[in-house]
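Student: According to TrEMBL:
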DOMAIN    2-234  domain 'NADH:quinone oxidoreductase/Mrp antiporter transmembrane'
DOMAIN    239-292  domain 'NADH dehydrogenase subunit 2 C-terminal'
TRANSMEM  9-28  transmembrane segment
TRANSMEM  102-120  transmembrane segment
TRANSMEM  127-145  transmembrane segment
TRANSMEM  151-169  transmembrane segment
TRANSMEM  176-200  transmembrane segment
TRANSMEM  220-243  transmembrane segment
TRANSMEM  264-285  transmembrane segment
Amino acid sequence: ATEATTKYFLIQTTAAAMILFAGTLNAWHSGQWTLSQPMSPVPTTLLTLAVMMKLGLAPTHAWYPEVLQGSTLTTALLISTWQKLAPLSFLYMTMSTLNPKMLLLIGLLSALFGGWAGLNQTQTRKIMAFSSIAHMGWLVTALSLNPNLTTITLLTYLAMTAATFLMLNTTTTKTLLDLSTMGTFTPIMQIMILFTMMSLGGLPPLTGFLPKWLIMKELVMMNMLPLSTALLLSSLPSLFFYVRMAYLTALTMAPTTINTKHKWRLEILSTTLLPTTLALTLLSLPLTPMLYNTT
């Protein structure tokens, strides 16, 4: 935990220092301290790198899986959800100063790296870290296309990631081996994790299909067929390790004896966060027209 804390502290302080340095350079060149107006190339580059580091976007993503692996599941949940809001808000405010083509490239790289690097992982926290990197790639792509679409993508990501981490924390699941033995103790949670993995993979009719569907629609309408094809192909490795986790969860069972104790009832939770996030993760696709028009 100490090593993960140190890594997180160094990365975040370095990124914050780069943002301050970009603001100082911009004030030197233009006489204005605001970062929401067009800037010269050097401050713009520094600002882009800083936001990439804070969000864990490729190719500045190496710290993120290591920090999550060294953290508890609750801390990993906070880093993957709550701690993303401030950098994303900052990115949204400075969107006019950044290069849209560069953001699209960063989004594609993040989706590719997040998918391929997660294939050989056996730790659930690292798998969720690479999943988060891939989803951040889709989110940055949505931000470059349509800010309204970004809101839907972000809300969907937060709901799916929160539901997954809460279930992993409830069942104390840290490896893929733990997933294969989960059905012996918590069969209901086993089914819920199965559907959540499918939603994270973006399979219809679950909620995870919603942002990918809308992003593909925007890309096709803008005649960005090569980028849309590349993004779809980059989602296949991610889908593979989600399906692998679902397979280990629902379709395999570790050897047990007839004397194995079955915990058919989990400890009663005092929070309604897990049921709420599960409902949003699995059942929000019919709300697509309302969400798209209101955001």
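From the backbone N, Cα and C atoms, a Cβ is placed for every residue, glycine too.
Can you tell me where each of these features sits in this structure?
Tutor: Summarised as a single figure, the pLDDT of the domain 'NADH dehydrogenase subunit 2 C-terminal' (239-292) averages 69.
Long-range contacts of the transmembrane segment (9-28) within its own chain (CB-CB distance under 8 A, at least 6 residues past either end) are made by residues 34-35, 39-40, 42-44, 46-47, 49-51, 53-54, 63, 67, 90.
For the transmembrane segment (127-145), same-chain residues at least 6 beyond its ends with a Cβ under 8 Å from one of its own Cβ atoms are 55-58, 61, 64-65, 67-69, 76, 80, 84, 88, 91-92, 95, 100, 103-104, 106-115, 117-118, 121, 152-154, 157, 161, 164-165, 168, 200, 211-212, 214-215, 218-219, 222, 227, 231, 234-235, 238, 241-242, 245.
Same-chain neighbours of the transmembrane segment (220-243): 104, 107-108, 111-112, 114-116, 118-119, 121, 127, 130-131, 134, 137-138, 141, 145, 197-198, 200-203, 212, counting only residues six or more beyond its ends whose CB sits under 8 Å from a CB of the stretch.
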